[in-house]
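Inspection log for the structure reproduced underneath, given as structure tokens.
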Amino acid sequence: MSKTKHCEAVRVVVRCRPFSKRERAECENILEIDDKLGQITIRNPKAPPDEPMKVFTFDSVYGWDSKQSDIYDDAVRPLVESVLQGFNGTIFAYGQTGTGKTHTMQGITNDPERRGVIPNSFQHIFTQISRTQNQKYLVRSSYLEIYQEEIRDLLCKNNNKKLELKENPDFGVYVKDLSAVVTKNATEIEHVMNMGNQSRSVGFTNMNERSSRSHAIFVITVECSEVGPDGEDHIRVGKLNMVDLAGSERQSKTGAKGKRLKEAAKINLSLSALGNVISALVDGKSTHIPYRDSKLTRLLQDSLGGNAKTVMIATVGPSHKNFEESLATLRYASRAKNIKNKPRINEDPKDALLREFQEEIARLKSQLEEQGMLAKERRRRRNSKRLSKSMAGMEEDIFKESLTEVWKAVQEESEVKHYTKEGSDVPKSLTWQGSSEKLKPLNEHRKSMEDMQWDQDALEKIIEKYKTMESKLLVGGKTIIDHTNEQQKMLELKRQEIAEQIRREREIQQQMMLQDEETLEMKETFSSLQQEVELKTKKLKRLYNKLQFVKGEIRDVIDEHVITRQELEQTQHELTRELKYKYLLIENFIPPEEKNKIMNRLHFDSEEDQWRLQPGHSIRKCAWQKINSPVDLQ
């Protein structure tokens, strides 16, 4: 199969949420959406009326009345199709806290109309697998979160365990000891997601009652085995990363304090690192891309400028109170649109789990065949024994009949009558011999029954293991029940064609708008000097407006930089106060010898870029509890 080597831009989609109940009474709308042209216009509520509004163009734009299915069909469905073909894919939602990122990504699972990107992708993947022929699939899923720059496994019971990032030249950056669950249908994988959501870190802020306090990444790995033209099995592995980023926050609006302030600082730090990576990739002059500045950017390294197809869903709010945040999100998304990835099909990778499954199944099959041959041999031997036993039984019956005739003849003699009255051992010995002959085949039968039982138990264990291993493999059109008929399949194909056609029309219109001005300038002819002056005056005014727009952009960027710096300074001040308090506790409540022990145990982990404590004697628990307890200094 050919591998795609051309560059592909990150696809950016913007979605605007509706007004909340609180905003309807006191807020005005600052956004205008043109979904046909893929444009969104934002108005500065503090600017004078004659100031031009800012216009951003994206691959797709959706208003507050958009449906979950529309976004999935347009932006996500082609990406999931690519993953099933063996490409890596990433979908991530970015935006201010409270703008609907989690709703877009997860939605309400039980409601088909309001299901988000993640549950819709579950249905899509397993439906497509059920429609394939002569292909075997293995689907596994993992779920992790990055909370305060620490990676946690949401599917592990002990989710407080900190996982480490590792890098391998064969398959890139990965999380060591991250659990993976093999799933066979959409119901099972939804259960996995729900289990992980129960462990996710959320909290209350002034912007959102259930604000995500961590970045969550749900990973689906789809392995496909297919016989190639050479008659050999070839494996393709596609990985789908679905990322629900925590929202960017400003402490003045969220009212974060104590633990929430620490969380917000870490969230903003990782999002700032993500922005720096995007800027460095778009710049084209940067020789170094700062992927290692945060764990989020390291995990998304392939998704940003690497081997993946990427879709970014930027979410904004329509309220004038969130003008700065919405403008920052739109600028962020506009920069991301210029990132170029180099996706390729992952064929026959070294870490394919499907190959291990197939080898194990083949081994169990050979064991079953061996057991089957042995069972046939044992059945043949048992049949021959039964035949010999039946022949022996026939001889015994003939002997008994002749013995009875002799005994009757003897009874007629009076001498025998007397002999029997006195008592004799002859009939007893004959009876005993008959009994021993009867018991002998019975003991042999018992022994053969015990051997049969042991063989049966061993065979059942192998069969059970074989069925368990094979049940994890999904065979297209065979092991998954096809829930849709042929008409529904055709309907989905038509919907996909319509979405693709709309996307192409939007791209053509955007290209035509860019080329209109150049074309008009080339075709301009003047009948008089006065007409030339008028047209060039209009052109000059148009260029002057563009100049004013660029100057306004520069002012906005400077103002945004000043506000961001003030927010960072305020956060730094809060964290410094807390650090001083902890130093105060250390100096006054921890003995110097204990403090020296701790200092001697410290070592810097260059790979994780942080300080760690080497194993040693535990220090006083009460002192550490005091150090870690929150406080509010005046």
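Glycine too: its Cβ is placed from the backbone N, Cα and C atoms.
Record features (TrEMBL):
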type	residues	note
DOMAIN	9-339	domain 'Kinesin motor'
BINDING	GLY95, GLN96, THR97, GLY98, THR99, GLY100, LYS101, THR102	ATP binding site
COILED	481-578	coiled coil
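Where TrEMBL records a feature, it is marked here on the structure.
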residue	record	Cβ contacts under 8 Å, 6 or more apart
GLY95	ATP binding site	LYS101, GLY247, SER248, ALA314, THR315, VAL316, THR329
THR99	ATP binding site	ARG17, GLY247, THR315, VAL316, GLY317, THR329
GLY100	ATP binding site	ARG15, ARG17, THR315
Give the mean pLDDT for the coiled coil (481-578) on the 0 to 100 scale. 75
Other C-beta atoms within 10 angstroms of the C-beta of GLN96 (ATP binding site) total 24
Enter the number of other CB atoms within 10 angstroms of the CB of GLY98 (ATP binding site). 24
Looking at the binding-site residues THR97, LYS101, which one has the fewest other Cβ atoms within 10 Å of its own Cβ? THR97
